[in-house]
Structure formats: C-alpha cells, structure tokens
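S.K.: Here it is, the structure in full.
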Amino acid sequence: LSTISQALTPSPSMILETIQPEIVYAGYDSSKPNTADNLLSTLNRLAGKQMIQVVKWAKVLPGFKNLPLEDQITLIQYSWMCLSSFALSWRSYKHTYPQFLYFPPDLVFNEKKMHHSAMFELCQGMHHILLQFVRLHLTSEEYSIIKVLLLLSTIPKDGLKTQAVFEEMRTNNIKELRKMVTKCPNNFGQSWQSFYQLTKLLDSMHELVSDLLEFCFYTFRESQALKVEFPAMLVEIISDQLPKVESGNAQTLYFHRK
C-alpha cells in the first residue's frame, strides 16, 4: 500500500511545475513610438501585473505559508526583480530564438528595441542568462526549483522573524535540486558538475539584478522628469525596498564566493 501511495504522491518538482504563474500581457500599444519612456512604462505595467501572479504563486509554494506574513512580504519585496528577470529568460528560452527577449507575447525585444529602451547593456545581461539556459539545456523542473531558491536568496541582514523556518524551507529546496540532478539521465556520473553549474547560474542572477535594481531605482526617483510611469503595485514595493537595499540591509545568500 505504501508503494502505491508513493507512486500516487506527486514529487515536489511536479508540484512546482503545476503552480507556475500564467503568462500576462503588457498591453503594448504598437501605434506609439518606441521611445524609452513608452517602452519602460510598458515594462513597468507588465511587472506590476506579473507581481500579482508572483504573490499568488508564492502563497501556494510548499512551506511558504509556514512563514509569518511579514517574512513572506519581505522575501517577495527583496526578490521581485530576480524572479521577473529569471522568468523572462525562461520565456525567451522556450518561445523565441536566443537573440530575442520575450517579455510577454505582445512585447518581444529585438536588438533595436533594446537600444530604444535606454537599457541596452542590461538587456544584454538578461540575454546572457538566456544563453546560459541554452548551454545548460535547462529543464522545466530545474527552472521551477531554482526559481523558488531565488525567492529564498535575499533576506534582511539581521534575519527574518522566523529564520529557522526559512532555513528549513531553503534547505529542503536545495536538497530537491541535488536529488533532481542526480536522477537526470543526462547527468549520469556528472551530477556534482550539474549542481555546480546550476548554482553558479543562480548566483549570476544576483549580479545582474544588482544592476537592474540600480537602473530601476534611478528611473523611479526621476520618473516625472523621464516621463516613466510606475503602477501602484511597483510603487508600493519599490518605496519599501529602495531604502533597505541602499542602506545595505539586504543580504544575498550565495552558493559560491568569488
């Protein structure tokens, strides 16, 4: 009976795959010129919609509800940019050729749009992550677990309210990633190397996101002068996150130290 029960019980990776957020649309108006303010405002509106989906996703993550609401909010605030850019690379990997960035179905960035957006170098950074997906032949199972680990990779320097519960959830997901690469037939005899490469990918996301946040905070401060719009959801998140990050209160949990 226990064997049947185990066979019928979905694995953690299967659960994570089934709860992935729906793809949302940017509402991109192709009749407007591709100026930096129009493109950035559209991306901000998209990010606001995506954050609603991220909150819904986080709520049903195994173990996340064991954290107090304050800790849940803190983790989402610290990781939103990481989650958004990682999901962007995944969509680009699945739906386009490697030279494009697939923000939503109605707004795909080619090199021309990257230049027009005033964030060409940042787009190149996101494109580099996409190329890592291609090189690693990233699977949906690996993507799903790494995404959870990104949610759990930045915390306040003085820790969370329930640090022990957080550490247990993070440890469980690290173990699941180890288990997954060990079972993968493509990784036979090389599971340690696959785990190393996947965790290096995870660490590299934080380096990119540091630059993305710097640009985001700048456009947020200068939004009126730059004519860049921010939806209410992002205003709330950034207003709370910005002083914490710039005061050095955010601690990133790396797998590898340089």
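Using N, Cα and C of the backbone, Cβ positions are placed for all residues, glycine too.
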S.K.: With Swiss-Prot as the source, identify the stretch among 56-59, 84-87, 136-139 annotated region 'Important for coactivator binding'.
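M.R.: Among 56-59, 84-87, 136-139, the range Swiss-Prot annotates as region 'Important for coactivator binding' is 56-59.
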S.K.: Looking at 1-6, 31-36, 175-180, which stretch does Swiss-Prot describe as region 'Hinge'?
M.R.: 1-6
S.K.: With Cβ-Cβ distance below 8 Å and at least 6 positions apart along the chain, what are the contacts of ARG91 (aldosterone binding site)? List them in sequence order.
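M.R.: Looking at Cβ-Cβ distances below 8 Å from ARG91 (aldosterone binding site), excluding near sequence neighbours, one finds ILE23, TYR102, PHE103, PRO104.
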S.K.: With DSSP, how much of the region 'Important for coactivator binding' (56-59) is helix, how much strand and how much coil, in residues?
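M.R.: The breakdown for the region 'Important for coactivator binding' (56-59) reads 4 helix, 0 strand, 0 coil.
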S.K.: Give the number of CB atoms, excluding that of GLN50 (aldosterone binding site) itself, located within 10 Å of its CB.
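M.R.: 24, counting other Cβ atoms within 10 Å of GLN50 (aldosterone binding site).
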S.K.: Could you tell me the maximum Cα-Cα distance in Å between the residues recorded as binding progesterone, namely ASN44, GLN50, ARG91, THR219, rounded to a whole number?
M.R.: 25
